[in-house]
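Asker: Straight out of TrEMBL:
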- A:GLU208, A:ARG215, A:ARG230, A:GLU259, A:PHE299, A:ARG374, A:LYS380: ATP binding site (BINDING)
- A:LYS210: active site, N6-AMP-lysine intermediate (ACT_SITE)
- A:287-414: domain 'ATP-dependent DNA ligase family profile' (DOMAIN)
Amino acid sequence: MLLSRLARVSQEVAATSARSRKIALLAGLFREAEADDVPIVIPYLAGRLPQGRIGVGWKVLSRPVAPAAEASLTVRQVDALLTTLGKVSGPGSQAERARLVGELLGASTEDEQRFLFGLLTGEVRQGALDAVAVEGLAEATGAPSADVRRAVMLAGSLQSVAGALLSDGPGALERFRLTVGRPVLPMLAHSASSVAEAVEKLGACAVEEKLDGIRVQVHRDGDTVRVHTRTLDDITGRLPEVTSAARELPGERFILDGEVISFDDDGRPRSFQETAGRVGSRVDVAAAAREVPVSPVFFDVLSVGGRDLLDLPFSGRHAELARLVPEPMRVRRAVVSGPGDLGAAEEFLAETLKRGHEGVVVKGLDAPYSAGRRGASWLKVKPVHTLDLVVLAAEWGHGRRTGKLSNLHLGARTADGGFAMLGKTFKGMTDTMLAWQTERLRELAVEESGYVVTVRPELVVEIAYDGLQRSTRYPAGVTLRFARVIRYREDKRPEEADSVESLLAAHPEVRP
DNA sequence: TTCCGACAGTGGGGTCGCAAT
DNA sequence: ATTGCGACCCCACTATCGGAA
């Protein structure tokens, strides 16, 4: 199959807003693909490379290359070249990668270049990713989409399911069962604004502490232990503490779901930055582990002794977890009978925050483990802080925000009467607010350079954030975590905005 | 007919590792 | 040694489609 065919279909998919039409377009292409093309075509149209990320980003792709007049590249040729590209390393590798990218783009037409750019940067922006591709695959093969979806979640991979389906038909889905040693997409949580709201929605539930670390899925099959992240990357080699802990548990075959986090000598959780830095260290793991030891803390079990527990209610899975994992290695929790028992849930949240954790996850006791879904039965609750800050500048948006000032630079008052930038945010605005702020900020503009418009510091905006963290990038030495806009405060003058001093006073645990 | 679940898009900060400077 | 880039951790929120209620 020619790359130009994919590029055209991707454009058509992007051009329609109807999901059903997107699915039909993808299905048509999947039907057309030859067997050898399938493992390439399907991930490409889901916006991903079969090789995963290959070290080519925006920078290298931005060097202009004259496009070819005629489309000639096949998807298999592209795939072979990208496989080669992904293996380039060592001195001179950047030049070699640039050369290969140039070769690829030079052989591509303008449309193909656009498609490759999206594919390699991981931003196809066609309004269809994995989920829509799964539907397309179901339509192309005649398999029930719920079954295809479930197989993809259990396989942790769209490609393998697609290959099996297109070569062996719908019967192949049977092969994708929960298997120890093969990671499955983890269940995720929605947010709730309060414990009361969460308990109201869920009724009888468990309120569990939410640890601010790295999500892990741990598989043990005899002496073999594997540890995977939320996106199923294998990080076994970086976490010797986790493998040894798993080997000491009284079970030979199991799959556990939990969090890895570092505690200090007093048993308080270290900051996310410290835990993440440790888990990210690959070169000298032993030294990193001495410096910042981590602990696994589990909250769910998906499989034990060869039994698939996914469809068991959470209460049943937790009973299995308690049999397998000793209490210190499980998250703390309180079981609540329903809204009548709200006091106990709120008390548990307060205790959890006092212990230094980020919040709680409220989980319905009846719910199965919905692999790969953001299940409505898991609701996280975290305290939200707010500040009144001043807009110092704004950046022109991309994609659907093209032509709108989108990303705001946020400042707090300083002692000398000026403002210190604390970070940026693009979250929380409606289209109406986006249009309004574009107009308003244009009136306040004093300078435009590149995509940044600097404004007079006069507009006050109320910002929600999850916490303060250290920063080497911003002048106050701190930055906001997960900042988002709540509303503009035209009733407030910039002199009334919050100051760096008061912000630091509100977060005594964080020092610049 | 209205409501709501699921998705995609729009990007944020930090840290590590690697290659280039 | 320092800098720039890419990958990958954490993530909130809105708009939209289409099936459920």
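Glycine is treated like the rest: Cβ placed from N, Cα and C.
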Asker: Please name the residue among the recorded positions A:LYS210, A:ARG230, A:LYS380 whose C-beta has the most neighbouring C-beta atoms within 10 angstroms.
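Answerer: When each Cβ's neighbours within 10 Å are tallied, A:LYS210 tops the list.
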Asker: How many Å lie between the Cα of A:LYS380 (ATP binding site) and the Cα of A:LYS210 (active site, N6-AMP-lysine intermediate)?
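Answerer: That comes out at 8 Å between the alpha carbons.
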Asker: Across all protein chains in the structure, which of the binding-site residues A:ARG215, A:ARG374 has the highest Cβ count within 10 Å?
Answerer: A:ARG215
Asker: Given the ATP binding site residues A:GLU208, A:ARG215, A:ARG230, A:GLU259, A:PHE299, A:ARG374, A:LYS380 in the record, what is the largest Cα to Cα distance, rounded to whole Å?
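Answerer: This binding site's residues have a maximal Cα-Cα distance of 19 Å.
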Asker: Among the binding-site residues listed here, A:GLU208, A:GLU259, which has the most company in the form of other Cβ atoms within 10 Å of its Cβ?
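Answerer: Compared across A:GLU208, A:GLU259, the most Cβ atoms within 10 Å surround A:GLU208.
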Asker: Count the Cβ atoms, other than its own, that fall within 10 Å of the Cβ of A:PHE299 (ATP binding site), considering every protein chain shown.
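Answerer: Excluding its own Cβ, the number within 10 Å is 25.
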Asker: What does the structure give for the C-alpha distance between A:ARG374 (ATP binding site) and A:LYS210 (active site, N6-AMP-lysine intermediate)? Integer Å is fine.
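Answerer: About 16 Å separate the Cα atoms of these two residues.
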Asker: Calculate the per-residue pLDDT averaged over the domain 'ATP-dependent DNA ligase family profile' (A:287-414) and state the result as an integer.
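Answerer: Taking every residue of the domain 'ATP-dependent DNA ligase family profile' (A:287-414) together, the mean pLDDT is 96.
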Asker: Roughly how many Å lie between the Cα atoms of A:GLU259 (ATP binding site) and the residue listed as 'active site, N6-AMP-lysine intermediate', rounded to a whole value?
Answerer: 9
